[in-house]
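Remarks on the structure that follows.
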Amino acid sequence: MAKGEGAESGSAAGLLPTGILQAGERPVQVKESKKKNQLSICNKLCYAVGGTPYQVTGCALGFFLQIYLLDVAQVDPFSASIILFVGRAWDAITDPLVGFCISKSPWTRLGRLMPWIIFSTPLAIIAYFLIWFVPDFQQGQTLWYLLFYCLFETLVTVSMGRGAGSPWGLRGWCPKPHVCPASDWPRASLPCQCFHVPYSALTMFISTEQSERDSATAYRMTVEVLGTVLGTAIQGQIVGQAHTPCVQDANASTVALEGVNRTQSTTSLRETQNAYLLAAGVIASIYVICAVILTLGVREQREPYETQQAKPMPFFRGLRLVMSHGPYIKLIAGFLFTSLAFMLVEGNFALFCTYTLGFRNEFQNLLLAIMFSATVTIPIWQWFLTRFGKKMAVYIGISSAVPFLILVALMESNLIVTYVVAVAAGISVAAAFLLPWSMLPDVIDDFHLKQPHIHGTEPIFFSFYVFFTKFASGVSLGISTLSLDFTGYQTRGCSQPARVKFTLKMLVTMAPIVLILIGLLLFKLYPIDEEKRRQNKKALQALREEASSSGCSDTDSTELARIL
């Protein structure tokens with residue numbers, strides 16, 4: 001790998017006139033900079049641990065919130081659809097708004113980003129805990145869950161930065177640093193799906209040395225992958241120990257329902273609610289511990305030439321430029337459909353296992369099998385990305401889910417076969433987890449080469465990509481929950497009408513298949529292949545080296561842009 005990188009650097013240097021590149025002085029400057037900005041292993045671990053809260057809470061909400069609202073909090077399906085849609089839509093809106101606010105934040109003694117994390121974390125913990133609390137009153141339950149769901153999404157955007165572009169709670173991971181190193185993005189970058197605002201920006205500010213940021217990114221991704229498994233295990237195993245009592249007769253009266261509850265030999269509804277609170281308490285404790293470690297172990301650093309940068313571009317002008325960039329539109333269109341496919345499966349998987357397949361007490365173990373399989377196969381997709389390219393990984397990785405979805409749609413209820421399908425599906429989930437955020441930096445690189453004098457647009461690229469995917473996921477989840485209401489979903493029923501079972505099967509199998517096929521067709525229009533990506537990388541590396549050595553000279557940058 002070092003050989004390949006050296007060849008690229010040499011090719012990039014050949015593009016420069018001798019007046020720009022001074023080979024005799026560059027190695028000494030680079031060596032001194034690396035030594036000064038080197039991060040310790042402790043620093044990298046502290047930074048990486050900060051990613052755990054996002055993944056743990058994302059898994060819990062993504063997999064369990066729908067079934068919790070319907071069967072534990074006993075919210076009617078129509079109200080549950082409103083909560084899920086408005087919560088996701090609000091989360092989408094807050095991403096670009098918070099990103100804009102943080103980009104305008106001044107530097108303090110603690111840095112620019114750390115104050116946001118420190119002061120929003122306690123409020124986020126309270127809001128998260130109250131999402132899983134069932135209030136005694138019935139009239140205002142919908143407002144209760146809507147308020148605290150939206151509040152938590154806002155606060156976690158501020159403190160840890162949630163993203164919805166990746167499925168199954170695996171929010172925005174970038175593969176090996178040499179594939180899509182976060183440090184390859186300009187330091188003005190703020191939102192990035194796994195830690196939009198401001199955690200993702202810390203990648204740019206923990207060190208001014210690219211190799212150190214790459215290394216810290218690798219630590220972070222490893223911990224985040226483990227966080228997804230941890231979140232699924234904690235929520236699923238604690239809640240799975242408490243079996244929610246169900247009603248055999250869906251038309252039973254309230255008095256009969258209470259009688260059933262009193263005579264149930266399994267765990268009572270109150271104990272089930274307490275199990276959700278216990279899981280929320282464990283996850284909240286992890287959130288606090290990780291936030292403290294992140295705060296104490298990471299210190300922000302400013303770029304030496306940052307104060308010399310020009311006045312930031314007006315937001316709406318930058319938005320117009322970003323939205324007119326062809327590769328960006330084609331990329332987000334393709335991933336919009338593929339992400340929606342996996343989000344439909346994620347949001348309805350628990351209900352599908354419980355009622356359509358009849359595995360009421362096994363769905364949390366099936367979820368864990370999927371997440372564990374995805375975690376184990378991530379290194380395989382990392383290798384595949386570097387060996388065959390990103391577009392090929394999209395076609396192979398995303399489409400590999402289709403046969404297993406078809407199998408689920410056609411097979412009868414069989415636990416062993418379901419576990420096999422779950423493990424196999426995890427392979428495709430891993431690919432969908434990695435790919436979006438490895439390709440978006442390539443689009444930004446292409447934009448910088450075509451618009452070399454335009455700075456500060458990175459937050460717009462990331463925020464609006466997340467905005468589109470989150471808003472669309474809110475629509476899909478709201479519509480899917482609403483469709484259950486139309487087909488006669490019975491809250492806390494031991495079984496559901498045939499129409500409900502059929503609807504769940506369509507939501508988990510056929511609808512995702514159609515969305516995946518549409519997304520793959522759109523990817524055919526995506527213009528940045530491996531050859532184009534390597535050319536852009538060489539040219540941008542030359543630009544960064546020149547900016548570092550000359551203090552971002554406008555004259556030299558103009559000359560270099562003309563040559564490229």
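Cβ atoms here come from the backbone N, Cα and C positions, even for glycine.
Taken straight from TrEMBL:
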TRANSMEM  45-69  transmembrane segment
TRANSMEM  113-131  transmembrane segment
TRANSMEM  143-161  transmembrane segment
TRANSMEM  275-298  transmembrane segment
TRANSMEM  319-345  transmembrane segment
TRANSMEM  365-385  transmembrane segment
TRANSMEM  392-410  transmembrane segment
TRANSMEM  416-440  transmembrane segment
TRANSMEM  460-482  transmembrane segment
TRANSMEM  502-526  transmembrane segment
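Here the transmembrane segment (275-298) has Cβ contacts under 8 Å with residues 42-43, 45-47, 49-53, 56-57, 60, 64, 68, 72, 114, 117-118, 121, 124-125, 128-129, 131-133, 159-160, 199, 202, 206, 230-231, 234-235, 238-239, 241-242, 267 of the same chain, all six or more residues outside its ends. Touching of the transmembrane segment (416-440) and the transmembrane segment (113-131) is ruled out by the presence of fewer than three CB pairs under 8 A, sequence neighbours closer than 6 excluded.
Across the candidate stretches 113-131, 319-345, 365-385, 460-482, 502-526, the maximum count of CB pairs under 8 A to the transmembrane segment (392-410) is reached by 502-526.
Spatially, the transmembrane segment (460-482) is adjacent to the transmembrane segment (319-345); three or more Cβ-Cβ distances between them are under 8 Å for residues at least 6 apart in sequence.
Among the recorded stretches 45-69, 113-131, 365-385, 502-526, the one sharing the largest number of Cβ pairs closer than 8 Å with the transmembrane segment (319-345) is 502-526. Long-range contacts of the transmembrane segment (45-69) within the same chain: residues 75, 80, 83-84, 128, 131-132, 145, 149, 156, 160-162, 168-171, 194-195, 199, 202, 206, 216, 219-224, 226-228, 230-232, 234-236, 239, 276, 279-280, 283, 286-287, 290-291, 293-294, 296-298, 346-351, 354, 367, 371, 477, 481, each at least 6 residues beyond the stretch ends and with a Cβ under 8 Å from a Cβ of the stretch.
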